[in-house]
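Visitor: I'd like to ask you about the structure that follows.
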Amino acid sequence: MKPTDERVQQLPHLARLLMVLTAAVVLVIVVVVTQLYGPPAAPAPGAEEDEATQGPPPAGSYHRPVPPAPDTATIPRTAAGRQIRYGRELIAHTAQYLGPQGSVAHLTNGMNCQNCHLQAGTQGFANNYLAVASTYPKMRARSGTVVGIEQRVADCMERSLNGRAVPDSSREMRAIVAYIKWLGKDIPKGKKVYGTGFMKLAYLDRAADPVIGQAVFAAKCQSCHGPAGQGQPLADNSGYQYPPLWGPASYNDGAGLFRVSNFAKYVKAAMPFGATFDHPQLTNKQAWDVAAFVNSQPRPHLATPRDWPDIRKKPVDHPFGPYADAFSEKQHKYGPYQPIEDAHPQPAKAQ
Ligand code: HEC
Ligand code: HEC
């Protein structure tokens, strides 16, 4: 072999060595960088967590969102603290103060905020309040206006509690708002956290079925909520042991829970009582079908002529027309929803 040939052969050898060395250096850098800046095992407190990125529940999150609600034992023993405690009390035992026999006023039906916002709005995905302070005031498509916490609370009093709202300046409204703000005090403005609001629930590829839902109701709900969905009143009639699901004492048809998707998401994460989002007791189908059944039963009507001023923003399952598409009221109410969503260039988001 001539010397020139030898040099030619050594060149690729050197190049290979260089490549291996470079690869090793890059690998070391990648490992170090991921250790330092990589994704944390659990979402950091205050991490932005929108519904779409909900993912599987973090370990040990039973009953609790991440971060958990502040400990009520830390509510200060001051005038401000007393107001927060009164707000929590009003949410847990609304009927006692504002219901048909309320000690403060007779404004709402016999239900409590806590019937739907479990554990005073702190249970994970059970209509949880933790992100309210950080995300309100906000633009709501339902009203077409910017809505503050007071207005949002008033909406639930008029719709979910089928009554009238306490005035913004009342001792009761100030206390409810103080409690909700205290709950969200550790969450940075504009951020949501895992476990707030409702969970995400995949659509069925068929319409939710009230007939199947009736069987689910009989098997899994009626023992507490009663054969006619009427609930179980407390002995002194001041409220309910088990709240009504339909009939004159239930939420009206302008309420958020009257939307089949909201009802299905709520019961998937919360019912039968004792269920949680990480220990659900209903299959997705049972949740959708029982939602269809309950929301096809009679209940109070609320005229809401000013809702959804821009009909293009109605959520796909809004049960009342007019719509910006040609799908029927029935399909909007019960589904299948995917074809409706596909027909919208920018699918209306649940509000
Ligand atoms: C019958 C069930 C029900 C009752 C009772 C109820 N709510 Fe609600 N509430 C809902 C639903 C459902 C939503 C979400 C609606 C939606 O997104 O369309 C909601 C939303 C809210 C929100 C906004 C949450 C957010 O993250 O945007 C607040 C605040 C609120 N309710 C306060 C109250 C208060 C205070 C009471 C009692 C005076 C009350 N609610 C009673 C069902 C209820
Ligand atoms: C073991 C008794 C029990 C069973 C079974 C049960 N619930 Fe409930 N449910 C409750 C209680 C108690 C509340 C109120 C929770 C609170 O105030 O803390 C409630 C609240 C509700 C609410 C919100 C308030 C209202 O009245 O609208 C809905 C909706 C609901 N349940 C639906 C269901 C459905 C659907 C089933 C069956 C899949 C079911 N529940 C099974 C006890 C039960």
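Heads up, the Cβ atoms here are built off N, Cα and C, so glycines get one too.
Annotated compositional bias 'Pro residues' per TrEMBL: 55-70, in sequence order. Residues annotated as compositional bias 'Basic and acidic residues' in TrEMBL: 307-317. For 208-298, the entry in TrEMBL reads domain 'Cytochrome c'. Taken from TrEMBL, the feature region 'Disordered' covers 42-75, 299-326. Look at TrEMBL and you will find 17-37 tagged as transmembrane segment.
Neighbours and distances for these, please.
Guide: DSSP states for the domain 'Cytochrome c' (208-298), grouped as helix (H, G, I), strand (E, B) and coil, give 40 helix, 9 strand, 42 coil.
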Visitor: With helix taken as DSSP H, G or I, strand as E or B and everything else coil, how many residues of the compositional bias 'Basic and acidic residues' (307-317) land in each class?
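Guide: Its residues fall into 3 helix, 0 strand, 8 coil.
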Visitor: Note the mean pLDDT of the domain 'Cytochrome c' (208-298), expressed as a whole number.
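Guide: Across the residues of the domain 'Cytochrome c' (208-298) the model's pLDDT averages 96 on the 0 to 100 scale.
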